[in-house]
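Q: Before I ask anything, let me first share the structure, which is written out below as structure tokens.
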Amino acid sequence: MRKRVYYWTDSEHINKPVISDTILNTGVKINILKAKVEPQEAFLILELFGSKETIEKALNYLSKFGEVEEISKVIKRDLEKCVHCGCCITQCPINVIYMDEDYNVVFKEEDCVGCKNCLKACPFKAIEIFE
């Protein structure tokens, strides 16, 4: 099973090995998809792998040190507004958006992490974010 989450923590926990402790204490595998760490807070997008029970245990552990929010379907593209210009492609940090061999923009929506870079880049406002 795989689950993606947003994770926020404050300055009290930034210098602690929370992610590695979560892995060691629960057996979950964690992929850090995005991390923004500042002196007063940290924001991460995490992808957790394991059984349902292992992932739930890991989420409970992480929530002791910060706020966890599950990422569901994040982006939606309006095909009537999209002109396949590709502005969104270069802004996607995990290559969820790409151009196929026919020069059409393709979204792998199920892999989106919700960074919202594509939304900001689209000059035609063809991308919506589910909050």
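Cβ from N, Cα, C; glycine included.
So Swiss-Prot lists the following for this protein:
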{"type": "DOMAIN", "residues": "73-102", "note": "domain '4Fe-4S ferredoxin-type 1'"}
{"type": "BINDING", "residues": "CYS82, CYS85, CYS88, CYS122", "note": "[4Fe-4S] cluster 1 binding site"}
{"type": "BINDING", "residues": "CYS92, CYS112, CYS115, CYS118", "note": "[4Fe-4S] cluster 2 binding site"}
{"type": "DOMAIN", "residues": "103-131", "note": "domain '4Fe-4S ferredoxin-type 2'"}
Q: Helix, strand or coil for CYS118 ([4Fe-4S] cluster 2 binding site)? Use DSSP.
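A: DSSP assigns CYS118 ([4Fe-4S] cluster 2 binding site) to helix.
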Q: Compared by Cα position, which of the binding-site residues CYS112, CYS115, CYS118 is the closest one to CYS85 ([4Fe-4S] cluster 1 binding site)?
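A: For CYS85 ([4Fe-4S] cluster 1 binding site), the closest Cα among CYS112, CYS115, CYS118 is found at CYS118.
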Q: Can you tell me how many other Cβ atoms are located within 10 Å of the Cβ belonging to CYS115 ([4Fe-4S] cluster 2 binding site)?
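A: Here the count is 20.
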Q: Among all protein chains shown, how many Cβ atoms are found within 10 Å of the Cβ of CYS122 ([4Fe-4S] cluster 1 binding site), not counting that one?
A: 21
Q: Between the Cα atoms of CYS82 ([4Fe-4S] cluster 1 binding site) and CYS118 ([4Fe-4S] cluster 2 binding site), find the distance and write it as a whole number of Å.
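A: With the alpha carbons as reference points, the distance is 12 Å.
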Q: Using the centroid of the Cβ atoms of CYS92, CYS112, CYS115, CYS118 as reference, list every other same-chain residue with Cβ within 8 Å of it (recorded [4Fe-4S] cluster 2 site), in sequence order.
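A: Checked against the 8 Å cutoff, the neighbours are VAL74, ILE75, CYS88, GLN91, PRO93, ILE94, VAL96, ILE97, VAL113, GLY114, LYS116, ASN117, LEU119.
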Q: Please work out which residue of CYS85, CYS88, CYS92, CYS112 has the most C-beta neighbours within 10 angstroms of its C-beta, and give that one of the binding-site residues.
A: CYS88
Q: Whole-number Å distance between the CA of CYS122 ([4Fe-4S] cluster 1 binding site) and the CA of CYS92 ([4Fe-4S] cluster 2 binding site)?
A: 12
Q: Around the [4Fe-4S] cluster 1 site (CYS82, CYS85, CYS88, CYS122), what further same-chain residues have their C-beta within 8 angstroms of the site's C-beta centre?
A: ARG77, VAL83, HIS84, GLY86, CYS87, VAL105, CYS118, ALA121, PRO123, PHE124, ALA126, ILE127
